[in-house]
Amino acid sequence: MDYKHKLSKGFAMGLGITLLIAGVAYGLAQLPFLSIMGQLILAILLGFAWKMTLGVPAAAEAGISFSSKKLLRYGIIMLGMRLNILDIIKAGPRVFLIAASSVLFGMIVVYFLCRAFKLDPIMSILTACGSSICGAAAVVAISPQVKADADRTAMAAAVVAILGTIFTLAYTVLYPVLHLVPQGFGVFSGATLHEIAHVIAAAEPIGKEALDMALIVKLSRVALLIPVAIVLGLWIQRAERRKLRETEGGHTSGDEQASEFQWKNLPIPWFIVGFILMSGVNTLGILPAHVTSYMIVIAYLLIAMAMAGLGLNINVAVCRRFGLRALLAGAIGSVLLSGFGYLLVLWYV
């Protein structure tokens with residue numbers, strides 16, 4: 001009984017630490033000079049700072065692990081309330097084509113750049129997904145599909161966040177020389193910037209027309225998280241089966257080969273299915289607008305708690321091993337994605 005009491009107390013402590021960090025990150029994200037980084041990025045940085053200065057009690061690890069895994073999934077499900085499927089449909093096929101082209105281009109280019117910089121396949125996939133889809137949220141959503149550990153997940157999320165912040169500032173400065181109308185700049189930022197927060201920060205000063213278009217394009221990229229997660233899950237599953245066959249030095253039987261493609265073996269991330277369902281609820285307007293707003297705030301709080309958990313689990317040795325190379329590969333890839341996105345905008349307008 002005493003053991004169970006200690007366990008529950010430690011669990012609550014870990015949960016409380018991540019909640020505290022997420023709350024502080026939310027407050028800091030309201031400040032003008034930190035709002036561009038966003039709550040999620042600040043939560044990772046604060047979590048890492050906590051670990052390096054105060055340390056993490058062993059008893060709190062269970063609660064921290066719960067935040068970084070379970071609460072993350074609940075947060076992603078609730079984040080579906082931000083997506084209105086009708087807005088994407090109304091914008092027309094060209095907008096979705098731009099979003100899809102950006103995601104495909106970014107994933108291929110960043111992945112192979114990461115591999116060229118000698119990063120392992122998992123780290124390369126996470127960095128590519130974060131750069132191409134929706135930043136840290138994509139990294140943590142994809143990580144279970146590719147069986148990434150906490151160190152790689154946190155490192156990729158941090159790299160993408162840093163790059164997104166730098167590019168957001170650059171877009172704001174470069175807007176006068178890009179010669180784009182507000183709607184065109186909205187398409188450009190929505191198609192190429194990393195986080196939703198970055199898109200908002202870059203497009204909002206240009207005006208409502210730019211911001212609305214930026215969000216539609218960005219959320220179209222977010223919608224592609226589902227098929228990307230499924231495809232990557234299938235790819236990892238297939239690679240594992242091939243490795244197992246090579247290890248055993250034999251071949252699977254006809255019955256086993258047939259069973260490989262049963263629906264029950266399909267690596268569908270069910271929390272992303274929840275994301276789609278919540279998007280449907282928002283699209284149908286079932287809930288009042290103020291309730292939807294509260295749910296989005298809660299979603300970001302839960303994801304921020306997960307980010308704090310990742311920050312608390314960052315391994316310094318892994319940072320030294322992956323950090324600079326991942327940052328360089330992601331930076332070059334982001335420059336190329338920006339150039340590709342600019343060409344797409346010229347075609348769009």
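Every residue gets a Cβ built from N, Cα and C, even glycine.
The transmembrane segment annotation in TrEMBL covers 7-26, 32-50, 95-114, 121-142, 154-178, 215-236, 268-287, 293-314, 326-348.
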Closest-packing stretch to the transmembrane segment (293-314), where packing means Cβ pairs under 8 Å, from 7-26, 95-114, 121-142, 326-348: 7-26
Recorded stretches the transmembrane segment (121-142) and the transmembrane segment (326-348) touching, at least 3 CB pairs under 8 Å: yes
The transmembrane segment (32-50) touching the transmembrane segment (326-348) per 3+ Cβ pairs under 8 Å rule: no
Same-chain residues near the transmembrane segment (7-26), Cβ under 8 Å, at least 6 residues beyond its ends: 39-40, 42-43, 46-47, 50, 56-68, 71, 300-301, 304-309, 311-312
Positions whose Cβ lies under 8 angstroms from the transmembrane segment (95-114), at least six residues beyond its ends: 88, 123-125, 127-129, 131-133, 187, 190-192, 213, 216-218, 220-221, 223-224, 228, 325-326, 329-330, 332-334, 336-337, 340-341, 344-345, 348
